[in-house]
Amino acid sequence: MKKTTLLIAGALAATLAAFAPAHASGTEKPPRVSWSFAGPFGTFDRAQLQRGFKVYREVCSSCHAMSRVAFRNLAEPGGPGFSEAQIKALAAEYKIKDGPNDQGEMFERPGRPADRFPAPFPNENAARAANGGAYPPDFSVLAKARTYERGFPWFLFDIVTQYQEQGPDYIHALLTGYADPPQGFPLQPGQSYNKYMAGNAIAMPKPLSDGQVEYPKGPDGKPAAPETVDQYAKDVTAFMMWAAEPHLEARKAMGFKVILFLIVFAGLLYFTKKKIWARVHDEAHA
Amino acid sequence: MSGHSTYVPKSPVMKWFESRLPLFGLIHSSFVAYPTPRNLNYLWTFGGILSFMLVAQIVTGIVLVMHYTPHATMAFSSVEHIMRDVNYGWLLRYLHANGASMFFIAVYIHMFRGMYYGSYKAPREVLWILGVIIFLLMMATAFMGYVLPWGQMSFWGATVITNLFSALPIVGEPIVTWLWGGYSVDNPTLNRFFSLHYLLPFMIAGVVALHVWALHVVGQNNPTGVDIKNPAKDAVPFTPYATVKDAFGLVCFLVVFAWFVFYVPNYLGHADNYTEANPAVTPAHIVPEWYFLPFYAILRAIPNKLMGVIAMFSSIAVLVFLPWLDTSKVRSAVYRPLFKQFFWVFVAVCVGLGYLGAMPPEGGYVIAARVLTAYYFIHFLVILPLLGLFETPRPVPASIADAVLAKHGGGAAAAVAMGAASAPSKK
Ligand code: HEM
C-alpha cells in the first residue's frame, strides 16, 4: 500500500522533471567564495571590511551611492571597527548640503558622524546621463538585492547548510567576470561583456584592475592583502554585505543562544510530558 | 460532550465575580477540564501553534507599525530604518516576515491533518468551514502585508494580483480602479492595504474564537475518527495532558522558526524585494510568496484569464464543500486503505503545483501545471465522492480506549484515564 503511494509519487516527480525545460541562459553560476560571515558563527573580518571600504571609497563611490549608511555606522559594533576619532575625521572630509539657513539659502558644510554618505549624483537622471543611460544602483542593500537561481534540489539543502551568500557570491563573480565577448556577441557602445550579468552585457566598465588600490602595509613592508582584482572584489563585497545587513553578527550570535535555550527547554518539556502521560499509559496496561 | 464547568471559586472575591460573570468557569471548562481524546498525536498540536503564531504576528506587527510609514515615497526607507536604526528592529521585522511563513506552514499541516483524519465530517462541518474562512483571511492579510515594504516584488505582486479582477466582464476594470484608488498601484493602494493589513488579523482572531467555540461544542476528532464514548476511558483532561504536549510541540516548532529568523531570514523572501518599487522596471519573474504558489500555478495553468481566476478561487472554495463531497461514513484514513493512497497523491500534487508556480509559465511547465490542476479538482469532485461508495473500509475500533489498547498490545480493558488526573498518581 505504502509502495503504491511511493510509486505514484515517484512517477509524478519524474513527470515533473521530464517536463522541466533545460534552463536556457548564457550566464554562468557564480563560484562559491568562503566568506567569514557565512554559517552559524559567522562574523565580519574587520580588516577586510576596512579594506573593502577603501575600495568603495576610491573606486565605486564615484558612480554608486550608499545613501542609507551613516558615517557613524562605520564605528558601530559588528562593523569595520573604525574609532570615533577616525569617523569624525573621515566625515569632515565630505561636503554635506544643508539648510536652509537664516537667509533661506542652502549651504555646504563639512560632514558629521551622523550624516549619511552623500550620493555622487544629485538624482537618478544625472547618474544615468553620466553612465550612458544606465543607473549605478545604490549600495546600501545591493548585496541582499542580488541572487542567482540555485535550482532543485540545492535550494532545499540551503535551508540546512545555511547557504545565504548568493548575493555576495554573485557580486564577487560579477566584478571578476569581465571577459572578451565571444565572436559576434552584440554589445552596445559603453557595454562590456560579463560572464555573470543577466544577458551578459553590462553598462558598468570593468571597475577593478590589479594594483589599483593601495592596501595598508604589514610590518614586512608588504601589503596586508594581495592587491589583485580577486581580493579587491572579495573585500568590497564583504563591505557591501555589512552595509546591507549591519546587524548580521548580532543576529547570528543571538540565534545561537535562542536556539540553545529552546532545545534545552524542549528537552525539559519532553520529560515533563513523559512523566505526566506515564500515569495514563500505566493505567491503560493495568 | 460533557466537560461542563466543575470550577469552584475559592476566595469570596472570586465567588462574587463568578456569580456575575462566569469567566473563569468558561476558561476552566475550555482549557482545563475539557476532555481531550487520549490518543491524539503531534499533528494535533498545530492548533495551539497557530494560536501562538497569530498572537506573535499581532504583537510584532503592532510594534513594527510604531516605526513604519505607509507612504509610497517612504515605506521602503522606513523598513530599512527599522532594519538599521531601531533597537532590535531587524529582529522584529524578521520575526514578522518569517512568522507569516511559519503561520502558513502550520496552517497547511493543520489542514492536511484534517483531511487525513476526516475531521471535516459531521458534526464538524461548521468547524471546518470556519477554518476555510480563517485560511482566506490569512491569505488576504499576508498578501497585503507583503505589499507594505514597497519593494519591487511588493509592487508587482500587487499589480498582478489586483489586475486579476479586470478579467471580470464589464465590472472588471472599474473594480480594479476602485481597488487601486487610482489608475495604477500607488500610494492610495498602499494606504488601504496598510489599513486592512492592520484590521484583518483582528477579524481572524474573531473567527478563531468561533472556531474554538465550535470545536468545544462538537469535541476534537482523533486518529481513529471514533467519537469519545466514555470520557473516563477515552479521554484525558486538557490540563495537564494536552497543555504539556502542546507546549512541547510548540517549542519544537519555535526551534524551526528561530532557525529561519536568525540564520536564513531572507530564504523565504525574494531578493527583488530589497529593491525599492519602481513602476518603470518590471522584474524578470514576478513570483508570489511560496504559500501562494500552488494557487498561482492553477491560475496560470488555464489559458483564459477569466477562467484562470475562476479556477483559482474555486480551488479554495471547493474546500467548503469537502464535508459533502466525501461520501465515506468512515472518518479516519487509518481505516480507509484506498483513500489513504489518494490522500498522499493529492499532497504530492499540491507540492508539485507549488513547484510549478515558481517556474516560468512556458513549455513543459504549463502542460504539467494543467495536468496537476485537473487532478486537483478531480480529487475533490470525482475521486472523493466515488471512493466513499466503492471503498471497503477496514473495521473501525469500538472505542478510542480499544484502539489504544490494541496498539499497546494490552489485553484487558478498563482504563481510568479521566480518574488519573483527579486522583493523584497512585504509585
Ligand atoms: C495574520 C497575521 C499577520 C500576517 C500573516 C502578516 C503578514 C505580513 C507579511 C507577509 C509582511 C511582509 C513582510 C516583509 O517581507 O517585510 C507583513 C508586513 C507588515 N505587517 Fe504584518 N502580518 C500579520 C499581522 C500584522 C499585524 C496585526 C500588524 C499591525 C498591527 C502588522 C503590521 C505589519 C507592518 C507594519 C508590516 C511592514 C513592515 C515589514 O515589511 O516588515 N501585521 N505582514
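Glycine residues also receive a Cβ, built from the backbone N, Cα and C atoms like all the rest.
TrEMBL lists B:13-224 with the feature domain 'Cytochrome b/b6 N-terminal region profile'.
Per-residue pLDDT, averaged across the domain 'Cytochrome b/b6 C-terminal region profile' (B:228-398), gives 96. Here TrEMBL flags B:228-398 as domain 'Cytochrome b/b6 C-terminal region profile'.
Per TrEMBL, the feature transmembrane segment maps to B:43-69 (among others). Outside the transmembrane segment (B:43-69), and at least 6 residues removed from its termini, the chain residues within Cβ reach (under 8 Å) are 75, 77-79, 81-82, 86, 89, 92-93, 95-96, 99-100, 102-103, 106-107, 109-110, 113, 148, 197-198, 201-202, 204-205, 208, 220, 222, 242, 245-246, 248-250, 253.
The annotation transmembrane segment is assigned in TrEMBL to B:90-111 (among others).
Here TrEMBL flags B:126-148 (among others) as transmembrane segment. Sequence-distant contacts of the transmembrane segment (B:126-148) (same chain, at least 6 residues past either end, Cβ-Cβ under 8 Å): 68, 70, 75, 79, 100, 103-104, 107, 110-111, 114, 119-120, 154-155, 157-158, 161, 189-190, 193-194, 196-197, 200-201, 203-204, 207-208, 210-211, 214-215, 218, 288-289, 291-292, 316, 319-320, 322-323.
Look at TrEMBL and you will find B:155-180 (among others) tagged as transmembrane segment.
Panel annotation: around the transmembrane segment (B:200-219), residues 1, 3, 30, 34-35, 37, 50-51, 54, 57-58, 61, 123-124, 126-127, 130-131, 133-134, 137-138, 140-141, 144, 227-228 of the same chain, lying at least six beyond its termini, place a Cβ under 8 Å from a Cβ of the stretch. Taken from TrEMBL, the feature transmembrane segment applies to B:200-219 (among others).
As annotated by TrEMBL, transmembrane segment applies to B:247-264 (among others).
Sequence-distant contacts of the transmembrane segment (B:306-325), counting only residues of its own chain at least 6 positions beyond either end whose CB sits under 8 Å from a CB of the stretch, comprise 111, 115, 120-122, 124-125, 128-129, 132, 135-136, 139, 164-165, 167-169, 294-296, 298-300, 373, 376-377, 380-381, 384-385. According to TrEMBL, the transmembrane segment annotation covers B:306-325 (among others).
Cβ atoms under 8 Å from those of the transmembrane segment (B:337-358) belong to residues 112, 115-116, 287-288, 290, 292-298, 300-301, 328, 365, 368-369, 372-373, 375-376, 379, 383-384, 387, 391, 393-394 of the same chain, restricted to positions at least 6 beyond its ends. Per TrEMBL, transmembrane segment is recorded for B:337-358 (among others).
For B:364-390 (among others), the entry in TrEMBL reads transmembrane segment. Sequence-distant contacts of the transmembrane segment (B:364-390) (same chain, six or more residues past either end, CB-CB distance under 8 Å): 297-298, 300-302, 311, 314-315, 318, 321-322, 325-329, 336, 338-339, 342, 345-346, 349-350, 352-353, 356-357.
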